[in-house]
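S.K.: Let me begin by handing over the structure; questions about it come next.
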Amino acid sequence: MAETKEFKTLYNLFIDSYLQKLAQHSIPTNVTCAIHIGEVIGQFKNCALRITNKCMSNTRLSFTLMVESFIEVISLLPEKDRRAIAEEIGIDLNDVPSAVSKLEKNCNAYAEVNNIIDIQKLNIGECSAPPGQHMLLQIVNTGSAGANCGLQTILKSLNKIYVPPIIENRLPYYDPWFLVGVAIILVIFTVAICSIRRNLALKYRYGTFLYV
């Protein structure tokens, strides 16, 4: 696959911020953390799939960092959109990040499962990026069934919002997170991922990147 520019969405910005926060709080644990995928299916056009294990035993901290990252990213959206997305996900923007959210309560109801994710068939759904660009979809195992649930819920909402590359290219280069933050302040559009041209089933097992 030829080298292409990444098509930025709030999905990417959120997950990058969240992973950075997790890395800053990394504590050696005995948590078993692995992702087993028997089959990846979906509709893809110029998409890349990344599988990441990032484990920690403190589920409460995982959720706190998750909410912090979420609030940072959506704070640059119009207030109406911020509140709509937060309500859909189950996060009260009036609460402090460390508060137990509705999202966390709902996800913890499913936490009595093995922290090894065993997905026999993973349906990515639809993913499409413009010619010459690619969209990165990340699957992250935090080592907690509850936190994984929260992560998936947030990503499903944020993956619908993207940052136009033309705006990003006009800005001077700084730290990547600062650059993207300024780009979002300038303009953010909400779009539905569409114009899918092909359906396929992909076999994936224990890799790092999968390009389609």
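Just so you know, glycine gets a Cβ as well, placed from its N, Cα and C.
Since the structure is predicted, the reported quantities are computational estimates derived from the model, not experimental observations.
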S.K.: Taking Swiss-Prot as the reference, CYS107 is linked by a disulphide to which residue in CYS55, CYS149?
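M.R.: Between CYS107 and one of CYS55, CYS149, Swiss-Prot records a disulfide, namely with CYS149.
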S.K.: Have a look at Swiss-Prot and say which candidate in CYS33, CYS47 forms the disulphide with CYS55.
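M.R.: Going by Swiss-Prot, CYS55 is disulfide-bonded to CYS33.
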S.K.: Express the distance between the Cα positions of CYS47 (disulfide bond) and CYS107 (disulfide bond) as a whole number of Å.
M.R.: 28
S.K.: Quiz question: given the disulfide-bonded residues CYS33, CYS55, which has the greatest number of C-beta atoms lying within 10 angstroms of its own C-beta?
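M.R.: Per the Cβ count, the most surrounded site is CYS55.
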S.K.: Using a Cβ cut-off under 8 Å and a sequence separation of 6 or more, which residues in the same chain sit near CYS107 (disulfide bond)?
M.R.: ALA145, GLY146, ALA147, CYS149, GLY150, THR153
